[in-house]
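Below is one structure; the comments refer to it alone.
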Amino acid sequence: LNLNLLNIWFIVLCPIFTVTLLLMCVCVKTLFIVRQPPMIIRQSVQDHIVEPTDPIIVECEATGNPPPVFTWTRDGVYLNVARDPQVSMKRRSGTLEIFFWGRPEDYEGMYQCTATNEFGSAVSSHIHLRVSKARTWLKEYLEPVSVFVGLPLILPCNPPVGPPKPQTYWMNSSMVPIRQDRRVSMGENGDMYFSSIVAEDALTNYVCTARFPNSNTIQQKPPLILQVHTARMAAQIAPKFMKPKGTASSQIGMLGEELVLECFASGVPAPSIKWTKDWEPLSMDGMKLENFNKTLRIKKISMDDGGEYICTASNRMGYLDHIITVRVKSTPFWVQKPESLVLSRDDGGQIECQADGIPRPRIQWLVNGEPIEDAPKRADRQVSGDTLTFRSVVPDSSAVFQCNASNPYGYILANAFLAVMDMKPRLLGFRNQLVKVTEGSQTLLHCPYFGSPKPDLRWSKGGMGSLEGGRFKVLSNGTLEIRRTKLQDQGTYVCSASNVIGREEMDVQLEVKEPTKILRAPHNVIVIKGSLARFECKFQTDSTLDVTVTWLKDKKFLILGRRMTKDEDSLTIADVYRRDEGVYTCRVKTEVEDVSVSAKLTVMGMQNIHTHMRTHKNKAYNRPDPPTDLEVSDPYERSARLTWIPGDSHHSPIKEYLVQYTEDLLADYWLVQSGWKNLTSYPGHLNSVVLKLMPFVEYRFRVIAINGIGPSRPSRPSEYYETGGAVPDAIPKNIKGVGTGIFRNNMEISWEPLEYREWNGPKLGYMVWWRRRDSREEWKNYTTYWWCSHIIYETDTFTPYEIKVQAVNYFGLGPESPIIIGFSGEDRPTAAPDDLRVSDGLWSHIYVYVVIQVYYWRESSRLPHHTVSIRIKSKSFKANGPRLSGPLTGLIPYSNYMMYIVVANNRYEGPPSNRIGFQTLEGVPSVPRSFRIMHRHYDTLYVDWEEPAEPNGILIGYTLKYQTLNVSGERMQVENLPPNATSFSLRRFDRYTRYKFSLAAQTQIGVGEVVTGESPHFTTEGHSRTIKGYFPSFCVSTHIIFVCVCQVDIATQGWFIGLMCAIALLVLIMLTVFFIKRSRGGKYPVRAKRDFVLGPLDDKEEGTFDYRYVVFITLHSGTIEHMQKMTNSDDSLMEYGEGDEIEFNEDGSFIGEYTGTSKRDRDSSQYQESSEATSPVAIYSFA
């Protein structure tokens, strides 16, 4: 019964609630929507030139509420967009899109857009639409031009008319530009002017070329041939003007536009041109002389550019003046553009429209696009020249008014509406703004507002009083201007707007920061090539702001590297090159300001130095001499005065002095020395400065002088100077209090020691203060001089304490540190967490309601045949509530898990909770194992695999996809295989067709990881393939590496057959050489012994062994000859078995075999160097 009543109430109340919510949304929307007449916010330019190859876009965008309706007129006639298939209008916009496929010239004309809603109509300016035309010259034959030497000549170009205006050039028929000089030059209209003709002008023809910039097309005029008659000598002629003609002319220049004045004169020799204004030299400010002074170009003409410009042409025969009177005119421009007016009922106001021009423009008012004099007369408005006055307006007075200012040189048009409404004030700015500025700057706090009647806007600080006057000024748009902002101006400012209907206010938070100060700016540096250049840039910014320091060279970001390095307050350039010259800028940028300082680097070579020395013989430019006689005086704890005598500057003024120091920190009974460091720099005119130092430090100083050439050598160090001691300034850092050791009733307070330079005096110690938090007990303290920790005993277990530490030395106590909270020792947790449970299992994670430490492990898989390894894992969760939960991720799907939790602190773990088990849901399987692709036969591929290592559920099958490689348009084939399948075979067209396979296992949840592979080549697969016999190949694929090893029948491989053929051919060649040598060269030594007279024999007794002879043979015979002698015993029986030249000893052995002096060896050794016979045994051995 209760459930039925609840359903009935829900059915009744739901529609009521829905309707109420919709009404609230409508009311809110109505409150924040302001109904207003239309206003044109975007339109195309008045002279709109488009390309004929692109769709024509004519823009017209307007605002208004309700949204306005757009209409167009062309040449004053209504343009029916719906009836022209080539014209369309963008949705919710008045922009026209013209897609022409015929003559684009048919759509040229004067367009005007009108945007209309129930409050009035706004109109755009007239848009003159023209199509860019790359017209061609008429095909005509140009007669040759005949002219005598010395006479002037003008070659007309008359390029095709645009739009746009083409750019003209003169070239010959080989497309080589005609060289221009004082005698020959081209005018702005494209005509070529010859002040006098010479015979060489006939050596080429002349082609006028026009280039249209929008379409990048080039048109050429037919070539013109110039015939020069040289029957008489060219006489010298006084100047005469070719353009402009006569001695005076006038020209009109439009204000703000470019004006070009030209002056071409004839004469022999070619006249030179000079310009003056009002008979005074030109200032050349904003002006440029071009075309060998024949063209004066004024880039942006102003009222001061009007007057008389005199062009003077002169040569040795005389001179001639031409006066060009320039009159400056102007199209209308706004002095005060009309602004829209929002009035409440029975209120009044004015819309002013002030424009100026030369001549003064005429003002015409229109209402909703029609002349106001043609509109019905109304008593609530009155036109008086450039002002519209409204009195006692009513809602029907709303309209859009247009102000048209025109003179003979153009017109301008602007829309302004009158809206009559009653609305409470609305502040349109962002709420709770935070504005950050620097001290001394100008601050602008914006507060745009709206309302009708116009609200009264006021600014106050903290909601008290009104800010107006003095340094505060409220602008008409609601912005509060604060001049010369001070630190005390920081705070909360309230902007409030009110009228008779209501009131609204907004807060703006102002933060005033210290300005960035450049303490040491870089100076101009002159260095020698290869030396070191350094720019300093030391600054000070507000400590609460992030600062970024960048260096620029010639206004481009500097790339730092090995030679250019930057530290905290300087830039160093080592091994300076010429290309390093330039202006270097140090840019310090914070959130609120950007400060830059610059200096110039000049690099001088040794040649420049020598040139300066030769030019100034009595001056030797060099680096300055080091300062002398350093003296330290006026000692104080934190400062001292350093005075020195400047060295010789060597005629290059000293720009600055760099003071360096080395310090010995007096740390009780030992000294801690440091190297020389930069302290600060001072201007070059000072030689006595006050140094800011640290207490209780022993200093030595030295000074380096720097001029434009570079730094001097360091001065001799000063005497040791020891500053007095003072109380410590620094506060110990990293203070903490924790329990220590095995005891639970203590707390160790520790901190980081101060650096030696922060001691400020001898006998540094630390005073430690502590007390229990939230207690009224007094602070306890202890002073230690040797340790940076102190242990408090007999504390309660895990009790919070307030702790602070301050440094102390011989001179007194330093500042106290902020109070921090520490805790005493912890004990072992005594209770185990209860109510351990898990939420519904997900794929790979679950939510565990735990306290601190979770221990879990995978007990088994939910698949009965699948074995798992048990490994305990843990995860920590922070305890911050009575009931805690957290996710366990990385769990394996479809598994049985066990878990328990313990409470832990920093030292101990408590007793474990009860163990619980949970199961994870089914997931997608892992990648199949042992994926292999083989070809056991020529026309069949075999694919086999094993079950995934982690099925993650019950397998329902496998998805095998394959596709031929390198065949475009081949469709992927898909095979769905049962879960017990572990192989697949595929017949292919030929043995060389290769396939790409991909395999994935599948459960009810989805498809698992995919393994891919490609079938191997039928031939070798590279070094990773096993090429032995006709065995199956195998492929192993992982997520990262894919290796395929292929084993094929080696006897069918092409490379193996080729290798065997090469070996057989080589053996055949070697056998042929062997038999040839045996038949031709084997008996050559015997014939030689019979045909030639032998030298004297060795007198040594046969049978003796001569070591010298063996050495002789080794040194004078090659390796093959030596091998031949060593194998002569093998040759002798085969080669000389029938002869009588061989000597035997008594036991039948060769004498020469043992003695090395057989007769045959001695006879043949004389001819071994020239003989080509080689022992066949040696050849056989070599082969």
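Easy rule for this one: first residue shown is 1, then count along the chain.
Quick reminder: no glycine exception, Cβ is built from N, Cα and C everywhere.
Keep in mind that TrEMBL annotations are predicted by a computer and have not been checked by a curator.
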Given ranges 604-632, 1155-1183, the stretch to which TrEMBL attaches the annotation region 'Disordered':
1155-1183
Ranking 150-219, 239-327, 332-419, 927-1022 by the number of C-beta pairs under 8 Å to the domain 'Ig-like' (38-132), which range is first?
332-419
DSSP residue counts for the domain 'Ig-like' (239-327), split into helix, strand and coil
3 helix, 56 strand, 30 coil
Where does the mean pLDDT land for the domain 'Ig-like' (38-132)?
89
Taking DSSP H, G, I as helix and E, B as strand, the domain 'Ig-like' (150-219) contains 5 helix, 26 strand, 39 coil
